[in-house]
Amino acid sequence: MRSDLMKKGVEKAPHRSLFKAMGYTQTELDRPLIGVANSANEIIPGHIHLDKVAEAVKAGIRLAGGTPIEFSTIGVCDGIAMNHAGMRYSLASRELIADSVEIMSMAHPFDGLVAVPNCDKIIPGMLMAMLRLDIPAILISGGPMLAGRAGHKQVDLVSVFEAVGSFKAGTITMEELEQLEDYACPGCGSCAGMFTANSMNCLSEALGLALPGNGTIPAVTGARMRLAKLAGMRIVELIKADIRPRQIATQKAFENAITVDMALGCSTNTVLHVPAIAREAGIDLDLGLFNTLSSRTPHLCSLRPGGPHFLENLDQAGGVQAVMKELLARDLIHRDAMTVTGLTVGKNLESSKNTDPTVIRPISDPYHNEGGIAILYGNLAPEGAVVKQSAVAPEMLQRTCRARVFESETDAAGGILDGKIKPGDVVVIRYEGPKGGPGMQEMLTPTAAIIGMGLGKDVALITDGRFSGGTQGAAIGHVSPEAAVGGPIALIEEGDEILVDILNKRLELMVDDATLKARRDKWKAPAPRMTQGYLARYAHMVTSGSTGAVLRTEQDK
């Protein structure tokens with residue numbers, strides 16, 4: 001066993017002595033030692049209950065004859081970090097989470113690993129670590145939050161963000177806003193729509209690194225705790241069979257995950273995270289693959305924020321497995337991909353059934369013929385930009401808009417809420433990319449304000465930053481190259497015309513080449529916003545959003 005490095009032989013007597021100081025018996029030490037990476041904390045609603053999930057995992061490990069050893073890692077709540085300087089740390093935390101799990105699992109050579117995340121950057125961070133380590137591993141999440149209720153209407157966190165814009169526009173009262181504040185988020189779990197956390201939890205299941213049901217079983221149910229026990233039991237079997245993450249997360253598995261991404265209408269953040277995870281397995285996923293798979297994958301689910309349904313509805317309809325079963329009917333899924341169940345995708349799907357075709361549309365009757373996400377290219381985004389096309393109003397799929405330029409997310413949010421943005425405008429937020437932000441902040445406050453103020457059918461937003469999974473509307477992010485490295489977005493001036501052509505996957509600055517050259521000759525790189533601490537190091541090392549915003553090492557140069 002791998003753990004023999006720290007427990008076997010005469011020379012390891014001091015090591016065993018330290019284990020015994022913590023109460024481990026010799027019988028426990030003789031079993032497989034399994035790390036349980038628990039990201040529980042008291043600042044994320046999706047993580048507030050993870051101690052209970054981890055306890056269920058450990059119970060499962062013991063039931064199957066292993067010895068669990070729990071350790072912790074950090075987690076940022078994107079909702080609470082939103083619209084202030086804290087959001088710069090969210091994406092950047094992904095790398096620290098991956099590194100911390102690597103450190104703990106290499107310093108203490110576990111035989112296997114169970115990752116217990118639930119929210120936005122923690123899930124990809126742990127998946128990156130699993131593939132980097134390539135020891136037997138499984139991921140079990142905490143599960144989605146139930147929808148809230150305000151009066152007779154089901155609501156969620158994004159309802160509150162959008163209500164701020166509605167209040168500013170005078171269309172709701174303070175009493176109505178406070179009611180939403182009190183009841184939109186009823187308890188523990190990842191926020192209730194197909195936002196980034198639930199997107200990544202669903203994709204971990206589609207990728208094969210989590211058990212069926214991981215993406216959709218609600219946090220508050222006994223079924224979630226049973227799944228956690230099963231994950232604990234399953235890791236012992238994965239160790240015995242020596243099944244490792246890179247044997248599961250192959251090119252075919254990533255294509256399956258992206259295909260499911262398109263069918264579900266997942267968060268645009270998946271376009272950052274999936275390539276970053278694949279990179280740890282030595283797989284290069286080009287952005288063009290997202291367009292290729294989107295063009296052939298029907299959009300089958302209309303989930304919040306772009307539709308009426310919540311994760312609990314998707315779970316009741318059969319979950320991710322039922323979606324994959326629909327896709328399999330048209331051979332859009334690789335059925336021979338292996339999963340942590342020890343069975344192939346095809347075998348897993350044999351018992352799956354779509355029990356509610358109003359939530360999971362049959363593949364013969366999709367919401368849209370193309371997938372939820374599109375990659376746009378053009379002179380404004382030579383390396384690409386990302387939009388959740390399934391959440392864009394038809395009026396904004398092809399439109400020429402006037403540029404209203406802001407140098408930060410905070411300034412843009414203020415301008416929108418102060419009524420300075422008019423129909424036909426495109427809000428440009430720049431110097432918010434991975435290097436420029438630094439940290440590539442999410443733009444949920446300005447996009448929610450646009451929707452809340454009734455401008456969703458008339459105003460677009462373009463940024464080198466990124467968006468919350470809760471964003472809807474013509475919100476185009478990850479514009480690459482970013483402004484801080486001299487990307488074309490840095491050359492936009494107030495009043496410029498910009499063509500947003502989602503139908504043809506184009507994003508064009510309608511300014512002639514000579515004018516752009518003159519502007520470029522005058523452009524100077526701004527001074528770094530951060531000169532000390534982690535974000536200063538991050539800004540120095542981070543790569544483009546078009547390559548997953550991963551950190552560059554010396555050998556990458």
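Please read every residue number as a count from 1 along the shown chain.
Heads up, the Cβ atoms here are built off N, Cα and C, so glycines get one too.
Note that the coordinates shown come from a computational prediction; the quantities given were computed from them, not determined experimentally.
Of the residues Glu442, Glu482, Glu493, Swiss-Prot places Glu442 in the same Mg(2+) site as Asp78, Asp120, Lys121. A simple way to gauge crowding: the CB of Ser468 (active site, proton acceptor) has 29 other CB atoms within 10 angstroms, across all the protein chains here. In terms of Cα distance, the recorded positions that sit within 10 Å of Cys119 ([2Fe-2S] cluster binding site) are Asp78, chosen from Asp78, Glu442, Ser468. Excluding Asp78, Asp120, Lys121, Glu442, which define the Mg(2+) site, the same chain contributes Val76, Ala81, Met87, Ser90, Leu91, Cys119, Thr196, Ala197, Asn269, Ser468 within 8 Å (Cβ to the Cβ centroid), listed in sequence order. Among the binding-site residues listed (Asp78, Lys121, Glu442), Asp78 has its Cα nearest to the Cα of Cys191 ([2Fe-2S] cluster binding site). Counted within 10 Å of its Cβ, the other Cβ atoms near Cys119 ([2Fe-2S] cluster binding site) come to 29, all protein chains included.
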